[in-house]
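Student: I am attaching a structure below and will ask some questions about it afterwards.
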Amino acid sequence: MKTLSPLFLFLLLISANSFLPPPPSASAAYHDYADALAKSILFFEGQRSGYLPPDQRLPWRANSGLSDGWTYNADLTGGYYDAGDNVKFGFPLAFTTTMLAWSIIEFADVMPPAELRNSLVAVRWSSDYLLKSVSQLPNRIFVQVGDPNADHNCWERPEDMDTPRTVYAVDAPNPASDVAGETAAALAASSMAFRSSDPGYAETLLRNAAKAFEYADTHRGAYSDNDIIREGACPFYCDFDGYQDELLWGAAWLRRASSDDTYLNYLQENGKTLGAEDNINEFGWDNKHAGLNVLVSKVLIEEVLESSMVTLQSYKASADSFMCTLIPQSSSSHIDYTPGGLIYRPGGSNLQHATTISFLLLAYANYLERTSQSVNCGNLDVSPYALRSQAKRQVDYILGDNPKGLSYMVGYSDNYPQRIHHRGSSLPSVKDHPAAIACKEGSVYFNSTGPNPNVLTGAIVGGPSEDDEYPDDRADFKKSEPTTYINAPFVGVLAYFAANPDFS
């Protein structure tokens, strides 16, 4: 018998392996998704405004913003600072609340009990504040606390801030459809999150959600159409994509929370005029279209509707189309990725796209799987498993499977950003430095090349550039600043993978 040469055997092995599936990912063995989940929720305690409770787990924070609302004789304490500054912007705060609540609604059944409790605490810290923001409806809605221009001119701890705590309110008949619509969504979603544990509170949330939506729909227009709001909110959190999507988004959440078909009729009758058929493939604090389509699709997938509701099918078609854009093998794929595989969109805080889109992938996969459906992308059918696989790639990238080997979640793994753009994290704690640090006195800490003294555990930063580079520079705020709306959807995403750590 002729003996085969070692070279021939080597080439034969390579040829055979080229037809085999890739080896299972080692990520599931490497990443502790349950630990990342716990940290992602803990982050919100570092963003708290108001009186902090005895069980506050990030001890370097203390009470702040205790007089918020006094100029209107209103109590506007509480809520979250949205990012690394000390301003409470109602628009992104409401979106954060919606996504935290949606995380619980979709994934509570797989959350560890302790993290479910912590998630509900995180939602309530925000929903309590939002109830205060709508306490003077139907005539007034509070949309912001803090002068951002003065605030951004200082580098000081929230406990020390001496910049104006200007209250920005919108009075009828002036418009605030974007903020009021998102607030309606947040309160409605929160009511679902609390329905089993605190039904009385849930009813209060739902009742106020309806009031917020009524203001949004009755006084149509963007809140930045008001001069004083435009001066205070822009260019930070103007609604650049229009207010129409928030009206549909608010209605969709009210329908899901109340089962009131009045809101389903609203979605059908107003969808075309409010741009539901525009098929905008984006989801975030400024643009709700992709999330709206996924949310409404749940109704179409799981419920039997009257034939008169046929026009709602456009939402499902748009959701399918969005999913196809995310699959590289699809003929309609047009989402950009970095060389390392991260979803990338130009602009600041890119990881907000990765976390929100990952959430939608998982939520849509859940809806489809319950009815044994897939997404037809023309040249291929995409299964729920494929959607989850796409989400997992984003999750693992964020947690460290990327060209730099860097976790973009602070405090997770041994290699994470040390110089995040965050005042409270970068300045010494009031416990370590009791004396006040004035507005410009904080500059020495901002300009320091040393690591932040306080670890904002669980914070997800803005993320790398399109070439996967990350300089870990406090001054580069687009990359190094964490935000609540990056973290909020990731809570649900991590809950899924913590319950399915062997998914590959």
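Using the three backbone atoms N, Cα and C, a Cβ is placed for every residue, glycine included.
Got these off TrEMBL a minute ago, pasting:
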- 1-18: signal peptide (SIGNAL)
- 33-494: domain 'Glycoside hydrolase family 9' (DOMAIN)
- H421: active site (ACT_SITE)
- D472: active site (ACT_SITE)
- E481: active site (ACT_SITE)
Student: Could you state the whole-number distance in Å separating the C-alpha atoms of E481 (active site) and D472 (active site)?
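Tutor: Their Cα atoms are separated by 10 Å.
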Student: Of all the active-site residues given, H421, D472, E481, which has the fewest Cβ neighbours within 10 Å once its own Cβ is left out?
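Tutor: Comparing Cβ neighbours within 10 Å for the active-site residues H421, D472, E481, D472 has the fewest.
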Student: Given H421 (active site) and D472 (active site), what distance in Å do their CA atoms have, once rounded to a whole number?
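Tutor: D472 (active site) has its Cα 9 Å from the Cα of H421 (active site).
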